Amino acid sequence: WIMGHMVNAIEQVDEFLDLGANAIEFDVDFDDDGVAKYTHHGMPCDCGRSCTKYAVFTEYLDYVRQVTTPGDPKFRKELVLLALDLKLQRISSEKAYAAGVDVATKLLDHYWMRGWNGGRAYILLNIPLVEDYEFIRAFKDTLRKEGHEQYNAKVGINFTGNEDLDEIREVLEKLGEDEHIWQADGITSCFPRGTERLKKALEKRDTPGYKYISKVYAWTLVRSSIMRRSLRLGVDGVMSNYPDRVVKVLKEKEFSDKFRLATYADNPWEKFTPI
């Protein structure tokens, strides 16, 4: 999965897909009551990027729905995963539940259309800190109450704050979640980061019977050398400001027979087992 990073303006969606991304990550900004208002990152953000691009959250969902609905004039078959970077760290933890209800409802109304020809992409809920775990409970509760639990099959969970992997597992156990789990490891592209935690996450993913990580990705990679380093370790995905650089690296002899771009036919919740 090549994840385009910080794709917050509607016009950036096609721009990043044209560069080779098959997944996009966008920031979801909340008001103080936990209502999702905009796709917006704000200052500071990654080096060399504009931090201020934004869209109204519901309008953004309307657009990506069209891009991921077969038969729609705007359909792009390559876009298979949407990662919502939920800016819950900006609001009180007490509002995490309200935020989960709001995001689930808006996805039902604007993306899935409650079953009426909605978008088909998989959804990854990127949660910054384990203390905001009530968001997940609220999200699942809302799908159940609204009679649309079928969408759980399309939704995955990912804690992105580089917290202790065992703490993350404990929270997932408390929530009763043991599938559809990704694990991110990374830092803003402005700073270097070692591979110690990334290696630990990959080790857990590859441990037979370990359920709490099915995919691991590294973020936000801009240098080809760091992309190569991550691929050698065996990541499932790379988040980048420059998807075209990832595409180029994947074509190199060392990687071209080991990796390929994920398509809609690839299940993002299953561990990859090499043949």
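Cβ coordinates are placed from backbone N, Cα and C, and glycine is handled just like the others.
As recorded in Swiss-Prot:
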ACT_SITE  HIS5  active site
BINDING   GLU25, ASP27, ASP85  Mg(2+) binding site
ACT_SITE  HIS41  active site, nucleophile
DISULFID  CYS45-CYS51  disulfide bond
DISULFID  CYS47-CYS190  disulfide bond
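Distance between Cα atoms for HIS5 (active site) and CYS190 (disulfide bond): 14 Å, as a whole number. Apart from GLU25, ASP27, ASP85, the residues listed for Mg(2+), the same chain places the Cβ atoms of HIS5, MET6, VAL7, ASN8, PHE26, VAL28, THR39, HIS41, ALA83, LEU84, LEU86, LYS87, ASN126 within 8 Å of the centroid of those Cβ atoms. Looking only at the recorded positions HIS41, CYS51, CYS190, the one with its C-alpha closest to ASP85 (Mg(2+) binding site) is HIS41. Nearest Cα neighbour of CYS47 (disulfide bond) among the listed recorded positions (GLU25, ASP27, HIS41): HIS41.
Under the three-state DSSP scheme, ASP27 (Mg(2+) binding site) falls in the strand class. Cα to Cα, ASP27 (Mg(2+) binding site) and HIS41 (active site, nucleophile) are separated by 6 Å. Checked against CYS190 (disulfide bond) by C-alpha proximity, the recorded positions HIS41, CYS45, CYS51 yield CYS45 as the nearest.
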